């Protein structure tokens, strides 16, 4: 359902006019204090967004006409807006953000029982997980543990993986792809909920499933150069590989930028919980490949796919840059000396670009989202050169991690 305000209609006109020339320009001058700049913009944007967003709905992106795309709690992105409000509370210390975040959390409580999506990790850990970290409320913990049980129900031992999608058999959604047990690289992010559950309860069953999924994904999703496929389809009866390809990338053999970001972040978090060097080496190798990619842009905000048509005029994906920056801040705490410094330098430059006027919205524009120039699903022509709520979430997380490092908190894992 589309909801419009007078301001949003005006915004739509501006966006349509600006869409004629949407190719980002290289950033030449770094902001004096990017942290203050982003927080200032976010304070206005997220406050306006919260006040305009109807109950039981969450702002996800913009429609092509410039109106806000509001989604229901069962959309995979529903947890990112409440999570962003929690980050604003953490970044500013203002209890008003805590109150806003708590109200939005209540609208997600039902999702703890959802067994039809692997994205319950995104939906609940990015919202309730962040809330529990900051408040230690027992109610939040119980909801998260139930969410972890729901995610566990999707594990198929024969494949060694958590099934990603259930809609792959729906002809209206699957674009004719004949998948039986699709697993997407994005799924690595949802393992955080399972590792956390083991950490909180001492029950190894959650981490065992997460480890098995991560190791299976490491074996089958990655090419020899450490780029990743988006989708690997398994035979659910014996675990044989049926297909390797993409749903959101340019082609089955291309390198979808956000997929590389999910992989980097995913194996970094696996190492955080397990201290298994296999996961650390995987994260380091993914980082090396991404950071040295010959097609990576000078401002470090990647094209939506490294094999996208129309390069250098292809659309960017600022959300991928935010995810990578956040992951590298954490990864920098697990390695030594020059390698650690290189990760921090790359993340800082990425944040500088994302906080520039090219990518960071002006107050009152961009549907009250923070980042411009993201790409959600280019093959379906959905959310192309548009804001994405998860781009905003990982921007704020990266900002918090940068702040922690600069304050001398080297062990970021103690904050998760």
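Every residue, even glycine, has its Cβ placed from backbone N, Cα and C.
The structure displayed is predicted, hence computed values, not measured ones.
Feature annotations, reproduced from TrEMBL:
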- 119: active site, nucleophile (ACT_SITE)
- 119, 186, 246, 258, 262: substrate binding site (BINDING)
- 186: active site, proton donor (ACT_SITE)
Spatial separation of residue 119 (active site, nucleophile) from residue 262 (substrate binding site) - C-alpha basis, Å: 13
Three-state secondary structure, the residue listed as 'active site, nucleophile' (per DSSP): coil
C-alpha spacing of residue 119 (active site, nucleophile) relative to residue 246 (substrate binding site), in angstrom: 18
Between the residue listed as 'active site, nucleophile' and residue 186 (substrate binding site): CA-CA distance (Å): 9
Proximal but sequence-remote residues of the same chain as residue 258 (substrate binding site) (Cβ under 8 Å, at least 6 apart): 248, 304, 317, 319, 320, 323, 375
Substrate site span - longest C-alpha distance across 119, 186, 246, 258, 262, in Å: 18
For residue 119 (active site, nucleophile): intrachain residues, at least 6 apart, with Cβ closer than 8 Å: 76, 186, 190
Cβ neighbour count within 10 Å of residue 246 (substrate binding site): 21
